[in-house]
Each structure stands twice: as C-alpha cells, then as structure tokens.
Amino acid sequence: MTALVGSDQVQIVLIAVAWSGGAGVVGLGIAYLLRRRSVPVLSATVALVAVGAVIAGIIGTARAMFLSSHDFRVTLMVAAIAGVVAVLVATLVGRVLSRWSRQLADETRRFGASGEFVASGSSAPVELRQLAAELERTSERLAQSRARERRLEEARRELVAWVSHDLRTPLAGLRAMTEALEDGIAPEPERYHRQIRAEVDRMTRMVDDLFELSRIHSGTLELSPQSLLLGDLVSEAIAGADPVARVRGVRLGGRVEEGIEVHADAQGLSRVLSNLVMNAIRHTPSDGTVEIVGRQVAGAVELSVTDACGGIPDADRERVFDVAWRGVDARTPAAPGEADDRTSGAGLGLAIVKGIVEAHSGQVSVENLDAPPAGCRFLVRLPAPA
Ligand SMILES: Nc1ncnc2c1ncn2[C@@H]1O[C@H](COP(=O)(O)OP(=O)(O)OP(=O)(O)O)[C@@H](O)[C@H]1O
Ligand SMILES: [Mg+2]
C-alpha cells in the first residue's frame, strides 16, 4: 500500500514538474518579451506565470486521472480566483515600486539641476535606498569639489590682482627714474642706476617665482630625487644666507645630527631651505638668532627653521602658505635702500616651499614659540629614505 502511494506520489511529482515546468518556460519567454515594459506589467506577469504553472500542474494531474472531474473543476476555480487576487496584488506592488523609482528619478533630475541631492523615499526597498544613499554621497563630493574650485579660482584672481599691483608700482618708479635720467634732471644718476638695477632684479625674482609656482600647480615640476646629506644642505643654506644675516646683525646657526640622509631633489630642497631662512632673517630683529636644525625621527627626516619674529598671529598662521599672501597690509614695495624691506616680497616664497615639500610627499607647518625670545618655527617633514 505504502509502495503504491509512494509510486503515485512520484508520478504526481513528475507530471507536475513537466506541466508546471512547461508553463514556467513559456512564462519566462513572455517575461523576456515584456522585459522593457513597466514594473507593474512585469510583476503582474510573474503572478500570472505562477498561477499558470499551478493550473498547468492541475490539468496534467487531472489528465492522468489523479483528480476526479469534480475535484478538477473545484481546484481550477480556486486557482483561477487565486490568480486574479495574485495579479491584483502584484500590480499594486508594482505600481508602488514604480512610484518610488519615479520619485528617485525626479530627485536625480533636481540633483542635476541644482547640484544637491535630497532623498525622501525612506520607505523604499533597500536597493533603491542604497542607490539614493550613493547619490547623496556623490552630491556631497561634488559640493566639496565645487567649493575647492571656487577657492582656487578666488586665489587665482587675487594672485593676478596682487601681482599686477606688485609689478605696476615698481614699473611706475622705473619709468619716473628713466625719464629723470633722460631729461638730465636726476640729482644723483648713480643712485638712480643702482635703484633701477635693484628693481629689475626684484621683478626678475618675482617672475621666476611665479614661473616656479605655475610649474608646481600644473604638476610639471621636474624633480630628480637623490640621496643627499642633510648636513651639506644646511651648510649650503647657511653659507648662502650668511651675508644677508651679517648685514642685518642676525646670528645664523645650524645643527644637524651626523650622517642623516634624505632622498630629495637637491635644487628643490635648497630652495625650500633658502626661502625659509631668508624669511626667518627678514623677520628677526638685529641681534636675534635664526637656527636651522635637522634630525631624524621615526619614519621621517625633520628640518626646522626657528627665528625670533615675535610670533605670527593665529589667523595669519593659517594663511602664510597661501599664494600671494603676506602679513603686511600695504602691498607697496619699499624703495631700495629704505630701512624696512619686509614689504618687498611678493608672498610667493612659502607657497613654493609648500609645493616643493608636498611634491616630495612631505608636510610643512609653522608654530609659535612661547619661550623667549618669542618667535616661530617652520617645520618640514620628509619621508625617511627606504
Ligand atoms: N619666519 C617668519 N616669521 C614671521 N612671519 C613670517 C615668516 N615667514 C613668513 N612670514 C609671513 O608670511 C608671509 C608670506 O611669506 P612668503 O615667504 O610666502 O612671502 P614673502 O616673504 O612676503 O615674499 P617672497 O617670499 O615671495 O619674497 C610673509 O609676508 C610674512 O608676513
Ligand atoms: Mg619669503
């Protein structure tokens, strides 16, 4: 008896698999043909195929005489009614899904127009919510990059305005001096010649700095890193800046631990040091001290230039590395020979330092020193050679 029931069951399963499977394959074909239609049509199709597979199975088993004609009619009717209900529910769910997806499309369209994505479908299915979250993250990244671009554009505009001012002023002076020389009314022609020469040198330096900066910013700065002894670099920087330090009565010294090597571009690193040292000398009162220290720390080589500038105000400290920023309001260059040449820079030196250091994957920072004599320390950290 059990064996008989068992074989009946096997037959029923086989018949149902064949008939329902056939209906499923036909349903798959229909779904494929309808794949470009809306979500409600697709979900109704899936419900129809499911009910169709049930009905096909019932027909198959009835044909094999497993169902009486009465039972067959009853189950068929029940399946047909269940089918109608299933299609209704599937259409409804499909419509809700398609409303969520339309909502997401509207939000994405607004995102395209305003650049800001605001998701509202918090009850949408997880895939749509993930998509909305991804769009939100993209919108944040876009906002950040737009802000960065705006800052860069502003800096570029300021640079052009300041540089043209910095060039126009000495050019006006040069013109006045050459006219005076031409008309023979210059009281001291030699002094005028010296001034003209000094102005031309200053402007040449500024144009060189601008060229260097543009190479740094366009990424075309060519570095030839090699192993360098830090001690040699510091000695060279001291030798180069010593005459200026003497004239200003500033003591200039250096201290480097024995044998420290750094993998860097020799010319670039010399420029970093000389810009820092010249700044330090310029901002240190006579009889003050400027000191360069080189040392090895965990995974890095540190170079610091300490001066007695009296400290840089907090708000200014954040800006010293900006292109064309300088700490004095007046951007009028001092005439050569005038006592205070603090205003004679173009504000490019530290931007170049930062550009070169970062091109070496290093960092540069500045801090104030409270211990007397109050001053500041510029610190360059470069990765230690592997
Ligand atoms: N060692 C320092 N001590 C105090 N202030 C400094 C020091 N170095 C730089 N600064 C401030 O930072 C500003 C920017 O320095 P930066 O070297 O970029 O330009 P600059 O020296 O004015 O001109 P440039 O270097 O182009 O000739 C300076 O104008 C100064 O106000
Ligand atoms: Mg400078």
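Placed from the backbone N, Cα and C atoms, the Cβ positions cover glycine too.
What TrEMBL says about this protein:
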type: TRANSMEM; residues: 12-34; note: transmembrane segment
type: TRANSMEM; residues: 41-66; note: transmembrane segment
type: TRANSMEM; residues: 72-93; note: transmembrane segment
type: COILED; residues: 128-155; note: coiled coil
type: DOMAIN; residues: 162-386; note: domain 'Histidine kinase'
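Sequence-distant contacts of the transmembrane segment (12-34) (same chain, at least 6 residues past either end, Cβ-Cβ under 8 Å): 41-42, 45-46, 48-49, 52-57, 59-61, 64, 66. Per-residue confidence over the domain 'Histidine kinase' (162-386) averages out at a pLDDT of 87. Taking Cβ pairs closer than 8 Å, the coiled coil (128-155) reaches residues 100-101, 104, 107-108, 111, 115-117, 119, 121-122, 322-324 in its own chain, all 6 or more past its ends.
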